[in-house]
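**Q** Got a structure for you, questions after.
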Amino acid sequence: MLLDTKTERNIPKYNQLISKRRVAMAIGAGMLIVGALSNMFSWSYHNHIGVDYIEQCGRMDPILPEFNKSIMMIFESPDFKEKAISRLAGAIQIPTEVFDDNPSPSEDIEYYHEFFKLHDYLVNSFPLVSKHLKLEKVNEVNLLFTWEGKDKKLKPMMLTSHQDVVPVDPETVSQWTYPPFSGHYDASSDLIYGRGALDCKTLLIAQLAAIEQLIEDGFEPTRTVIVALGFDEETAGLHGARTMGKFLHERYGDNGIYSIVDEGSMVAEISKNVFIAAPVVQEKGYLDVNITVLGNGGHSSIPPEHTTIGVAAEIISSLENKPFKFEFSLENPFYGFLVCMAEHSNSLPAEFKKAIIEARFDEKERKNLVEFISQRPEMRELIRTSQAVDVFHGGMKANALPQVSTFLVNHRIDIQSSVQEVLESDLSVAREVAEKYGYGLYLADEEVIPCTDVGSITVTGYKPLEPSPYSPTKGSQVWDIFSGTIQNVFQNGLLRNNFEAEVYVTTNTISANSDTKHYWALTKNIYRFFGNVLPQGLWKTVHSVDETIPASAHLTSIAFVYEYIVNVQEGANEDSLP
């Protein structure tokens, strides 16, 4: 056995506004006509090898739904904004924290008492959702809302987010501008404060708010809409999304869902009036590796040359001195984001732009691109497997030799790598140290080097997850509807009065994982996107002091979900359920 997969606790107005963007006066009629937005307008870039470069990052065709009663109301109504803020603030005020050792509901249902308060709050806050959608509880705490469509043969579309939040460190409470579970709204800055404001109650509330408004507007879906709300995403979703995924798979089968939209990226303003939406279409893999050094105990007055702590420390040092190599592929969805940056950013260094553009043609420039990325901490982990020693245990008393020392290495696996490759890499480092000091070596319960009188080193992998499949993009109708909705919501919705604004839609990846890892069997069409714009700097508040989100961003998420649901209902025509 190479891996231990067990859970380890320790280890009508709207059309008019669009027409304002590019209008032409119809001669003799005096009416405004909507100008067509170019889908993939191009420009030539003549590089040093004489290739005419055709722009890769253009605007998508914006998709305006026929049913759009409330889009502008969502953006403009003070009453709606006040209600939206109140709903989100109320959800934040319920501290649905989860810790790494969260039990299953069957083991300790009381642990989740705050979640049941949130359940009651959601039922009361969204009366139309409660009346018209079927609500099921999966594994006691997951919430599954089902809005039945008229055509049962169509695959359901699925929205998902999570109820839980990371804990607030008691030592940091005094550093918060407002109490972490106050849900305080500061009108002067338009910011809503509190744990979960960004991750991820803004999306949870937006999904239900959009459906509530659609029901109020009289919308009736043809295709079933599912909202799946997990409860322990922050601890890998082992009790939440994993059980939800199994439940949905039993109900709908392989590839039985049309698409899934979960938390992920946001729209970034990369230069003045230049916005890039880069939904995450692929996630890195995951592996925790526990390394245990077992040696001889005894009195500290007669120590060996190296205690088990010292040996463990040398393994850690060797690991950190041998980081994984940077590996870059043009197939990496991060390259899509980089290309948009190169083609449209006014602030990117010329050398960086050149490397990005010419990486497709020139091996030297590809190497230069890797060098540029590797020097930027905010980017570099997107092109290699990361490693972080997060937990260490060893020793119990000053005068007693530590018989056992153990530590955990957390890996986020590069999309070109695998669980096996990472595990073998860690094993090779442990082997060097084992051979140096005469220790035995085990890979889980498999003997690599026989145990000796000195002791043994054991390497075990936990929670293995391969990099996710790449979700369909260009050439896929599902992607066209998704990206076309983004283009319309932002270009013609949020930024409707900014006539200089440019919005581009591309792809990206992230170094973390979402609950979608438990839903791969349901569909290949998985897109991770919050549906809003976040000012620079605010993302740093996630999981930290003063977690905040602008109310305007929350409203945009509601508008996006509203419009996406309708666009899928009106435009999708993929195969039906068997």
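Every residue gets a Cβ built from N, Cα and C, even glycine.
A TrEMBL annotation is a machine prediction, not a hand-curated record.
I grabbed these lines from TrEMBL:
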- Asp164: active site (ACT_SITE)
- Glu233: active site, proton acceptor (ACT_SITE)
- His162, Asp199, Asp262: Zn(2+) 2 binding site (BINDING)
- Asp199, Glu234, His543: Zn(2+) 1 binding site (BINDING)
- 282-433: domain 'Peptidase M20 dimerisation' (DOMAIN)
- 23-45: transmembrane segment (TRANSMEM)
**Q** Could you work out which of the binding-site residues (His162, His543) has its C-beta surrounded by the smallest number of other C-beta atoms within 10 A?
**A** His543
**Q** Could you tally the C-beta atoms, other than its own, that fall within 10 angstroms of the C-beta of Asp199 (Zn(2+) 2 binding site)?
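**A** A 10 Å sphere around the Cβ of Asp199 (Zn(2+) 2 binding site) contains 23 other Cβ atoms.
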**Q** Can you list the residues of the same chain, besides His162, Asp199, Asp262, whose Cβ falls within 8 Å of the Zn(2+) 2 site's Cβ centroid?
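**A** For the Zn(2+) 2 site the neighbour list reads Thr160, Ser161, Cys200, Leu203, Leu204, Gly230, Glu233, Glu263, Ser514, Asp515.
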**Q** As a test of the contact definition, list every same-chain residue at least 6 positions from Asp262 (Zn(2+) 2 binding site) whose Cβ is closer than 8 Å to its Cβ.
**A** Leu159, Thr160, Ser161, Ser514, Asp515, Thr516, Ile526, Tyr527, Arg528
**Q** To the nearest Å, how far is the Cα of the residue listed as 'active site' from the Cα of Glu233 (active site, proton acceptor)?
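**A** A Cα-Cα distance of 7 Å.
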**Q** Based on Cα coordinates, which of the following recorded positions are within 10 Å of His162 (Zn(2+) 2 binding site): Glu233, Glu234, His543?
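**A** Qualifying among Glu233, Glu234, His543: Glu233, Glu234.
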**Q** Given a separation of at least six residues and a C-beta threshold under 8 Å, show me what packs close to Glu234 (Zn(2+) 1 binding site) in the same chain.
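**A** Non-local contacts for Glu234 (Zn(2+) 1 binding site): Val98, His162, Asp164, Val165, Val166.
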**Q** Whole-number answer please: how many Å between the C-alpha atoms of Asp199 (Zn(2+) 2 binding site) and His543 (Zn(2+) 1 binding site)?
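**A** About 8 Å separate the Cα atoms of these two residues.
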**Q** What are the other residues, in sequence order, whose C-beta lies within 8 angstroms of the center of the C-beta atoms of Asp199, Glu234, His543 at the Zn(2+) 1 site?
**A** Val165, Val166, Gly196, Cys200, Val542
**Q** Need one number: mean pLDDT over the domain 'Peptidase M20 dimerisation' (282-433).
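**A** Taking every residue of the domain 'Peptidase M20 dimerisation' (282-433) together, the mean pLDDT is 96.
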**Q** Measuring Cα to Cα, tell me the gap between His543 (Zn(2+) 1 binding site) and Glu233 (active site, proton acceptor) in whole angstrom.
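**A** That separation, Cα to Cα, works out to 13 Å.
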**Q** Long-range neighbours only, meaning 6 or more apart in sequence with Cβ under 8 Å: which ones does Glu233 (active site, proton acceptor) have?
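**A** The answer is His162, Asp164, Cys200, Gly240, Ala241, Ser514, Asp515.
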**Q** Just to be sure I understand the packing, how many Cβ atoms besides its own are within 10 Å of the Cβ of the residue listed as 'active site'?
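**A** Looking across every protein chain shown, the total is 28.
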